[in-house]
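Per TrEMBL, the features are:
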{"type": "BINDING", "residues": "His73", "note": "Zn(2+) binding site"}
{"type": "DOMAIN", "residues": "32-175", "note": "domain 'SIS'"}
{"type": "DOMAIN", "residues": "201-260", "note": "domain 'CBS'"}
{"type": "DOMAIN", "residues": "268-322", "note": "domain 'CBS'"}
{"type": "SITE", "residues": "Lys50", "note": "site 'Catalytically relevant'"}
{"type": "SITE", "residues": "Glu102", "note": "site 'Catalytically relevant'"}
{"type": "SITE", "residues": "Glu143", "note": "site 'Catalytically relevant'"}
{"type": "SITE", "residues": "His184", "note": "site 'Catalytically relevant'"}
Amino acid sequence: MNILAEGQRVLRAEAAAIAACSRRLDRSFTDALTLLSQVKGKIIISGIGKSGLIARRMASVFSSTGTPAFFMHPTESLHGDIGMISDTDAVILISHSGRSSELNSIIPFIKRRGVKIISMTRDKESPLSKFSDVTLETRVYKEACPFNLVPSISSAVTTSLGDSLAITLMKMKGFKHQDYKNVHPGGEIGRRLLFRVQDLMQSEDKIPVTSENDSLDIAIRIMSAKKLGMTCVVNSRGALAGILTDGDLRRLLEKKKADLSAPVKSLKIAQPKTVVPSLLAVEALSLMEKHSITSLIVVNNPRQKKITGVIHMHNILKAGVV
C-alpha cells in the first residue's frame, strides 16, 4: 500500500463530499438559520455515538461564536436531563440514519414543550426527519474505510455543515471581534485578541526621545541607554518629527559622514510608522512585518504626533501573542 496515496485519497473523498453538500444546500438551510436566529434561549444539540461527539463539538462552536448552546446526551435526557430544555430553546438532533431509537424516543417530550427541532440526517424520509421542523441532509454515498462502515466521510460532512450553521449565524447576529475576545480569554486566541499596544508598549521614561537640535552624539547615547535600537526625534513643540535607528547610524558610518557634533536635524531623518494605543498588538506586529521594521512609535493622535510610547517586536513576542 502506498501510504501517502491512501492518505490523499481519504482527504480528497471527504473534500468532495463536503463540496457536494455545499451544492445541495437549499431553502432548508435558510429556514434552519432563520429558526436559530429567533431563538431567545439556548440551542440544545444531541446525538449518540459518533454523532454525539459531533454534537458536543458543535455546541462548543456555537457557544464560542455568540450563541449559547450545550450538548444533551439522549439517554441521560430520559432520566431527568430533558428538564434542561425550556420553551425558549431550539433543539438540533443528529443521526446519520435518522433511525436512532435514543433520539426518536425523546422527540415526543420535546414536541410537548413546543420546542422547534432541526435534524441533521442522510435520510429525509426517516422518522427523525418526519418529526422535525427543518431537516438538513447529510447524505453521502460511501465512507472512506474499505468496509464502508467507519463514519468518516459522513462525519466530515456533518461537522462541516454544523460549522456552516454556526459561522453563518455568527455573521447574522453581527458578532464582533470584541465579542469573540470576551468568550476566549485564555490560550493563544485570548492573547491575540486581548493584548493591545498600550498594554505592551514602553512608556514614560523608557521612551528614547531626542530633540532635533541635539547632537548625534547625544542621540547615540540615548539609543544605547534605552536599548530599543532607535530614538524618536521631536521638534521644538515636542511633536514627533522623525526617527533615528541603528540602521541609519550604520549607513552614516559606511559613508564616513558621521559628524557626532552635528545636530540630528542636519541628517535626513525618516518619517516613522506610528500606531495608536488601542490597536491590537497582533495588528501592530503585522505592520512591522509588512514594513520590515522592529519598532513602532505610539501616538494618541496621528495629527498632533504627541508620543505616548514605543512598541518593539520583542514586547509582543515576549507576551506570547503569536
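Placed from the backbone N, Cα and C atoms, the Cβ positions cover glycine too.
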Legend entry - recorded sites clustered about His73 (Zn(2+) binding site) [Cα within 10 Å; pool: Lys50, Glu102, Glu143]: Glu102
Inset, instruction - Round to a whole number and give the Cα-to-Cα distance in Å for the pair Glu102 (site 'Catalytically relevant') and Lys50 (site 'Catalytically relevant'). - result: 14
Legend entry - Number of other Cβ atoms within 10 Å of the Cβ of Glu102 (site 'Catalytically relevant') across all protein chains: 19
Inset, instruction - Within the domain 'SIS' (32-175) only, compute the mean pLDDT. - result: 95
Inset, instruction - Measuring CB to CB from Glu143 (site 'Catalytically relevant'), give everything in the same chain under 8 Å that is also at least six residues away in sequence. - result: Leu149, Val150, Pro151, Ser152, Ile153, Ser154
Legend entry - Cβ neighbours within the same chain of Lys50 (site 'Catalytically relevant') - under 8 Å, at least six residues apart: His96, Pro151, Ser155
Legend entry - Structural state of Lys50 (site 'Catalytically relevant'), classified by DSSP into three states: helix
Legend entry - DSSP residue counts for the domain 'CBS' (268-322), split into helix, strand and coil: 17 helix, 15 strand, 23 coil
Legend entry - Residues in the domain 'CBS' (201-260) grouped by DSSP into helix, strand and remaining coil: 23 helix, 16 strand, 21 coil
Legend entry - Three-state composition of the domain 'SIS' (32-175), taking helix and strand from DSSP: 63 helix, 23 strand, 58 coil
Legend entry - Surrounding CB atoms that lie within 10 Å of the CB of the residue listed as 'Zn(2+) binding site', all protein chains: 16
